Amino acid sequence: MSKIPLVIKLGGAVLSCNDTLEKLFTAISAYQASAQRPLLLVHGGGYLVDDLMKKLQLETIKKEGLRVTPKAQIPFIAGALAGTANKMLQGRAIKSGVAAVGLSLADGGLCQITELDPELGSVGKAAPGNGALVSQIMASGYLPIVSSIGLDANGELMNVNADQAAVAVAAALDAELVLLSDVSGVLDGKGHLISALTEQQAEDLITQAVITDGMIVKVRAAIEAAKALGRPIEVATWRYPDKLAALFDGQNIGTKFSSS
């Protein structure tokens with residue numbers, strides 16, 4: 001049984017599906033009862049932000065799959081991600097019997113955040129920081145649930161792409177990483193799951209427009225994760241909760257990425 005921590009990034013529509021969340025946290029609860037491997041969740045919550053922007057009559061703009069975040073909007077986005085989404089997930093975990101702690105990228109200096117691109121506004125890039133506090137939390141039997149909101153060196157709120165945040169968190173903890181989303185992994189031109197991809201193979205599929213839009217960010221984050229962590233990482237789906245225990249144990253149920 002591996003004792004290397006496993007970082008699980010939750011994405012897609014899972015945050016809006018109570019039934020799936022219940023099954024996910026039930027699977028985590030059952031796994032933690034019999035395994036000693038520390039688990040940690042990283043999440044975004046784009047749909048919550050989209051809904052909030054509509055209610056506030058603010059336009060949502062994306063550049064290459066990344067949300068443009070004007071400084072005037074970051075308080076609302078941080079509230080949706082570090083507030084509503086994080087506490088909703090924590091509540092679902094507690095309901096399923098999982099002892100959960102809600103955190104952000106800033107807590108304990110887990111990640112260091114710098115501005116990604118001035119054209120994107122308050123959007124940050126996360127680098128691995130100090131994982132000591134989060135490691136202590138996991139060692140005490142808690143499941144950290146980490147939002148993709150961080151603080152830069154000036155204490156300014158920054159919105160970080162959740163896939164990229166998960167990479168930095170995994171690097172800070174020397175952990176393995178799974179990106180869980182509403183897709184099974186990367187599909188070929190005929191809709192069949194590709195079980196493994198190298199960087200060159202992935203870039204070829206991007207050039208061929210087999211991999212498009214937001215999936216480009218996800219795939220490149222996966223490749224960067226494999227490089228940064230020095231180990232393959234996996235993109236898989238949360239749609240089949242009965243497979244999650246196998247995933248937690250390191251079995252491949254999606255697309256596994258390697259740097260070479």
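Heads up, residue numbers simply count up from 1 along the chain you see.
Placement of Cβ uses the backbone N, Cα and C atoms for every residue, glycine included.
Annotated features, as they stand in Swiss-Prot:
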SITE      Lys9  site 'Transition state stabilizer'
BINDING   Gly45, Gly46, Arg67, Asn159  substrate binding site
SITE      Lys218  site 'Transition state stabilizer'
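Positions of Swiss-Prot features highlighted on the structure.
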{"residue": "Lys9", "record": "site 'Transition state stabilizer'", "Cβ contacts under 8 Å, 6 or more apart": "Leu41, Val42, His43, Ala162, Asp163, Ala165, Ala166, Leu177, Val178, Leu179, Leu180"}
{"residue": "Gly45", "record": "substrate binding site", "Cβ contacts under 8 Å, 6 or more apart": "Leu15, Ala80, Leu81, Thr84, Ala85, Ser147, Ala162"}
{"residue": "Gly46", "record": "substrate binding site", "Cβ contacts under 8 Å, 6 or more apart": "Arg67"}
{"residue": "Asn159", "record": "substrate binding site", "Cβ contacts under 8 Å, 6 or more apart": "Arg67, Thr69, Ile74, Ile77, Ala78, Leu81, Ser122, Val123, Gly124, Ser148, Ile149"}
{"residue": "Lys218", "record": "site 'Transition state stabilizer'", "Cβ contacts under 8 Å, 6 or more apart": "Gly11, Asp163, Leu179, Ser181, Val235"}
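Excluding the listed site residues Gly45, Gly46, Arg67, Asn159, the same chain places Gly44, Leu48, Val49, Thr69, Ile77, Ala80, Leu81, Ser148, Asn161, Ala162 with Cβ atoms within 8 Å of the centre of the substrate site Cβ atoms.
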